[in-house]
Amino acid sequence: MARENLIQELLSQPSEHDGSLRIRVCTESKKLWVVAGPAIFNHFATMGVMGITQALLGHVGTTELAAFALSNVMDSLAVGVLLGMASALETLCGQSYGSEQYHMLGIYLQQSWIILLATAIITLPLFLFTSPLMRLLGQDPLISDVAGLISLWYISVVFSNVFSFTFQLYLQSQSKNSIISYFSLISITLHVVLSWVSVIKLQWGISGAMVSMTIALWIPVIRQFSYLLCGGCPQTWKGFTRSAFSDLWPIVKLSLSSGAMICFNISVWEIMISLGFLAATGVRVANELGAGNAKAAKFSIVVATAMSTVIGFVVILIFLCFRKSIVYLFTTSDVVADAVLDLTPLLVLNLFLYSIQPVLLGAAVGAGW
């Protein structure tokens, strides 16, 4: 009953005569935060896993830190492609749920698995040939070799993202946001413990850090599968079906267009909060358009853009105040720290732009553009 009330509340359209603009903004803000809050926490937890790994390797040595950064470039490209392709699921599930075509959500989820698994396989050469690619680009041979070793560990991370991204969007469209937060909390907590044991206590170095990261990212995926198969979504999951293999081309085209928009605009660390608003805006717009409430969808876009911009300014101020302390969380090298501080103006500009752009992108994804 409580979940039905929440869903009805998310889909309810405030009338233009329902009170002042302040009341309408507050109402819409609550609806956005129902989705944005867990989404932001999930992004923080996922990137927190990466950040903890990076910080630990930075204290192991500057070579390991530089190699991890190079490998992260490959992973960021793959994440951009997969997250972009997965965003088509947000459009399809959101609009289907808003129009009460609940059975289609499970089919769309399975179709997204097929498409994203194929996409993940296509990205494998990036990780298999990281070392020669880095050498070709003029990187230090030693760092390139270490980056090649780390990139091999990233292959399992890429395939975990296939299921992690799709499960998150599938559950968000049904307002099952607490489940997402719960699994994210498990992931980050597990990684902290495993990293401390494997890297600090056992001194396993790169292998210990990457094993910990892999386990921490796959455990929530396994739990999400268990939740789905054990009846967590009875209204939208009717089991595996051959229908998932039919009419794939329209889904592929939508995935490609969504992927192109996101993978060329993603810079994950700077926009974790805005990615939450991207998800929230996409869900809200898709739900409202599916229910035929175009005016409510437009108003949601305006409110989400304003909130994300304000939060972006706050994040910029925090970063400017504590930038030196933040840098030394990831390295003990003064040379590396000075180089990062020199890039501060560029990072601030990126933070400002990325506080707005992902929200507008979420609106486009939710509308199915």
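Backbone N, Cα and C atoms are what each Cβ position is placed from, and that goes for glycine too.
For 32-53, 65-92, 113-134, 146-167, 179-200, 206-230, 251-279, 299-322, 343-367, the entry in TrEMBL reads transmembrane segment.
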So, taking each listed stretch (65-92, 113-134, 179-200, 206-230, 299-322) in turn and counting its Cβ pairs to the transmembrane segment (32-53) that are under 8 angstroms, which one gives the highest count? 179-200
Hey, would you say the transmembrane segment (206-230) packs against the transmembrane segment (179-200), going by three or more CB pairs under 8 A that are 6+ residues apart? yes
Excluding the flanking five residues on each side, which residues at least 6 beyond the ends of the transmembrane segment (113-134) place their CB within less than 8 Å of a CB in that stretch? 70-71, 74, 77-78, 81-82, 85-86, 143-145, 147-148, 150-152, 154-155, 158-159, 161-163, 165-166, 244-245, 248, 251-252, 255
Beyond a gap of at least 6 residues from its ends, the CB atoms lying under 8 Å from the transmembrane segment (146-167) belong to 46, 63-64, 66-68, 70-71, 74-75, 78-79, 82-83, 86, 89, 109, 112-113, 116-117, 119-120, 123-124, 126-132, 134, 139, 206, 210-211, 213-214, 217-218, 220-221, 224-225, 228
